[in-house]
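The signal peptide feature in Swiss-Prot is assigned to 1-19; the stated evidence is sequence analysis. Annotated beta-D-glucoside binding site per Swiss-Prot: 43, 146, 191, 192, 335, 407, 456, 463, 464, 472, in sequence order, evidence recorded as similarity to another entry. The N-linked glycosylation site annotation in Swiss-Prot covers 111, 361, 408, 414, 415 and rests on sequence analysis. Per Swiss-Prot, active site, proton donor is recorded for 192, and the stated evidence type is similarity to another entry. Per Swiss-Prot, the feature disulfide bond maps to 211-219. Residues or ranges marked as active site, nucleophile by Swiss-Prot: 407.
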C-alpha cells in the first residue's frame, strides 16, 4: 500500500508541469549531464528488404509461427528507415540532448563479412541519419550490435557459438569506426549481452531461439547448460578486440569513447535469512557480473565458477588481460527489482541450464504482494529505489566507472479499444521517470558518476517476443497508419528539459 500511495502522490505532483519545472528539472543535474531517448535498428527501421540489407536472425525468428506473441515482426516496424528526418524533430521538440540508436550489421555487411561486400546504401543511410541527428544539435550514441546477427553467419558457423564471430565482428566494427567515427563520439559494442545469450541460447525466447529439449520443445535444438556461456565468452572476446582496435587505430584522432551496455535487475532478499542474502549476490553475479566481472577484473564471478564448473569457458592469461579494462564507460539498463530466495538444494533430476544455475528463485511477489506497481510487461514492476541501489553497487564493486543509464522505461497495453486521445494520457510513465530521475539524482549526490539518462523508448516499437502488444514510447504510433502522436510524457520531458 505504501508504494501505491507514493505513486498516486507523485502522479498528482508531476501532472503539474510548471511546478515540477520550478522544483526539479535538468538544472538539478550536473551541467554536462546528457538526457536522451533510445531506439534499435530491428525494432524501428523496417525496410528489411530495401537498401541492400541482408537478413538477420530476427528476420528469421520473428517469421516462425508462435515466436512473437501477436504474430507480428519487424518487416515494417515503425518505418524509421523512411521517416527518420521528421521523427527526429520529436526528439528536439522534447529538448533532448542525445539520440541513441543501433546500426544493423546486415545493412552494412549483408553477408556478415567484409569478403561478402560492404553495402554502400547502408553506409549512406547511417551517414544521413548521423548527420540529421547532429544537425539538430543532438549527440549520436551508437550501438554496434543490438541482437541482430546476420543470418548468413548463423547459417555459416552458428555465429556466436563459434570463435569465428570475433574476427567478423571486429571487421564490422572497423567499418563503423572508419565510416562514422569522425562524428560519432560515443560507441557501445553490445547491448544487453546477458539478454542476448540467455534468451537466444538458454530459454530460446529470443533469436536465434536455441535451447535444450528439456527446457522447451519449441526451440531449435541447443544446449541450455552450455551454449549461453559459450556465446557469452565469444561475445566478450569480440567486444574486447573491437575496443582494442578502436583504441589503437581510431581513438586518438577521433577522440571518442567506447563502452558496453549491460542490463540488470536489482535484488532484495526475500527474507532476513542469510541464505536469501547470499541469493542476492548470486542473482547479481549471474545477471550483471557475468559480463561485468570480466571487463573489470578479467574473469567471471567466483560464484559462477563454482556453480557452473567446467561448463563456463576459461580465459587464457592473454585473453584475460585483453578483456580487463575494455571500456571507457558502462551503459546500464534498468527496469525492475525482484526478491531473491535461495534454493537450498538443487533437485537431483534437474538438468543444467543457465536459468537454474544460480540456485535462486527470483520473484516480484512476497506473501502475495508485488514489490511495486506492475507494468504491462509481466516481468516488470516499478521499483525506483532499485536504480539507486544498482548504481551504488556498481560504484562500490566495479571501480567507480562512468555510467550512462542507457535504458529506463515502462509500458502500457496496446489496447485498440481505447481512443487515441485517452491513450496519450500516460501519467503513469511521467510518474515512472520522475521517480527514477529522483533516485538517479540521489545516487549522483552520493558520488556515483552517472553521466546521462536515456528513456526507453523514443516511440512505440516492436518489442521482440512481445511484438506490438505493449507500448513503451514517449511517442504514440498508430499501428494501422503509422501516424505519430505525442504522449503527455513527451510534453512533460519538454518542460523538464527546458533551458
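The chain as shown is numbered from 1 upward.
Positions of Cβ are set from backbone N, Cα and C atoms, glycine also.
Here the features listed in Swiss-Prot are placed on the structure.
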residue	record	DSSP (3 states)
43	beta-D-glucoside binding site	helix
191	beta-D-glucoside binding site	strand
219	disulfide bond	coil
335	beta-D-glucoside binding site	coil
407	active site, nucleophile	strand
414	N-linked glycosylation site	coil
464	beta-D-glucoside binding site	helix
Note to self: Please list, in sequence order, the residues in the chain of the residue listed as 'active site, proton donor' that are at least six apart in sequence and whose C-beta is under 8 Å away from its C-beta.
What the structure shows: 147, 261, 262, 263, 333
Item checked: For residue 456 (beta-D-glucoside binding site): intrachain residues, at least 6 apart, with Cβ closer than 8 Å -> 37, 38, 333, 407, 408, 409, 472
Check: 10 Å Cβ neighbour count around residue 407 (active site, nucleophile)?
Finding: 24
Notebook entry, point to check: Between residue 335 (beta-D-glucoside binding site) and residue 361 (N-linked glycosylation site), what C-alpha distance do you get in Å?
Noted result: 19
Next item on the list: Can you grab the distance from residue 219 (disulfide bond) over to residue 414 (N-linked glycosylation site)? Cα atoms, rounded to a whole Å.
Entry: 27
Check: Helix, strand or coil at residue 111 (N-linked glycosylation site), per DSSP?
Finding: coil
Next item on the list: Return the residue, from the listed recorded positions 191, 361, 414, with the maximum count of other C-beta atoms within 10 angstroms of its C-beta.
Entry: 191
Notebook entry, point to check: Using a 10 Å radius around each Cβ and counting other Cβ atoms from all shown chains, which of the disulfide-bonded residues 211, 219 yields the largest count?
Noted result: 211
Next item on the list: From the recorded positions 111, 211, 361, 414, 415, pick the residue whose C-alpha lies nearest to the C-alpha of residue 464 (beta-D-glucoside binding site).
Entry: 414
Margin query: Could you check which of the recorded positions 43, 191, 211 is the closest Cα neighbour of residue 415 (N-linked glycosylation site)?
Written below: 43
Checklist line | Minimum Cα separation from residue 361 (N-linked glycosylation site), reported as the residue among recorded positions 43, 111, 191, 211, 414 that achieves it | finding: 211
Note to self: Give me the long-range Cβ neighbours of residue 111 (N-linked glycosylation site): same chain, 6+ apart, Cβ under 8 Å, in sequence order.
What the structure shows: 54, 117, 150, 152
Next item on the list: Could you check the recorded positions 43, 408, 415 and say which one's CB has the most other CB atoms within 10 Å?
Entry: 43
